[in-house]
Amino acid sequence: MHPHFKPGPLPLSMQLTPEGKLKHFLSTEGLPHLLLHDIMDRAEQFVTLPAKQQKKAPFLRGKTVMNLFFENSTRTRVTFEIAAQRLGADVTNLDIRTSSATKGETLLDTVRNLEAMNADMFVVRHEHAGTAQFIARYCAPHISVLNAGDGRHAHPTQAMLDMFTIRQKKGDFAPLKVAIVGDILHSRVARSQIHALTSLGTGEVRVIAPKTLVPAGLDKMGVNIFNNLDEGLKDLDVVIALRQQRERMDSALLPSEQEFFKLYGLTDKRLEATKPDAIVMHPGPINRGVEIDSRVADGSRSVIMEQVTNGIAVRMAVMSMIMGSMAGGAA
Ligand code: CP
């Protein structure tokens, strides 16, 4: 990253046009609930169309989408690629491991070169928080940037596909009790989900985690914090399990995966505390036997694979809305 860049608060004006339409999609923080519902409404249109008919909605025809994944991904990268293709875009996946980034080229120089190849949209995943924001600030004005996950900071399209899945299964957010369980400290997904859930007026948002995995200041985000799993699971409508982010974790934070599973692992027995029709979600990748038992991950309450499928429609929705805003037309 640029040595002088310090990711700071993200002003809404950085993501939205003066008319309040999406220009970039960097974070769910501060986004109005009407815009979040617009994204879900648009995704609903795509999800009900068979893939062949989706290709007849070429919102991105003639546009070039570049996937820049500086960190590994399965779900996000592939669903962004499928979404862009269904919208008629030309899609390029830059293989960072064989790119000139490995020869010392700076991020901005890489961006400048991709701009010169007529990029219209960058989809960016990076281990450093603020990278997508940085690119959005310095790239050419006609280019839009979508954050596909930056460090511990944000993963806005993941949060939106999760909101979409909750809305599909449960309808209105107001009566719902939703909990996010596990490694909140290192999770960009949790932060983006909390911003979206609170903006959408969710009845109660809980986090359930050991004290060592609760970030400072979380209590100011409008959530109730539980350190005991059984207490936190009581009467829930939606349980969202998170992966232990071992790649970002100081090993001193947790004694062992076995102990974590004993205290915080989701099992059928422990889920008896939730409402009988509660759903279980997970953004993936899942660690079986660490944060979730296989019987739960593959069981009747699990909507994990539906989340993955919904990722295509939600990413189509966000990309098509951005392209509408950039063209000055209806988003
Ligand atoms: N949920 C998610 O971001 O998964 P990937 O890392 O596989 O993209």
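Each position is counted from 1, following the chain as shown.
Using N, Cα and C of the backbone, Cβ positions are placed for all residues, glycine too.
Site annotation for carbamoyl phosphate in TrEMBL covers R75, T76, H155, Q158, G284, P285, and the matching candidate from R42, R97, R125 is R125.
DSSP assigns H155 (carbamoyl phosphate binding site) to coil, not to a helix or a strand.
Candidate binding-site residues: K103, R188, R243. Nearest to G284 (carbamoyl phosphate binding site) by Cα distance: R243. Here the domain 'Aspartate/ornithine carbamoyltransferase carbamoyl-P binding' (23-168) has, by DSSP, the following mix of helix, strand and coil residues: 68 helix, 26 strand, 52 coil. When Cβ neighbours within 10 Å are tallied across all protein chains shown, the highest count among the binding-site residues G284, P285 belongs to G284. Per DSSP, the secondary structure of the domain 'Aspartate/ornithine carbamoyltransferase Asp/Orn-binding' (176-321) breaks down as 64 helix, 24 strand, 58 coil.
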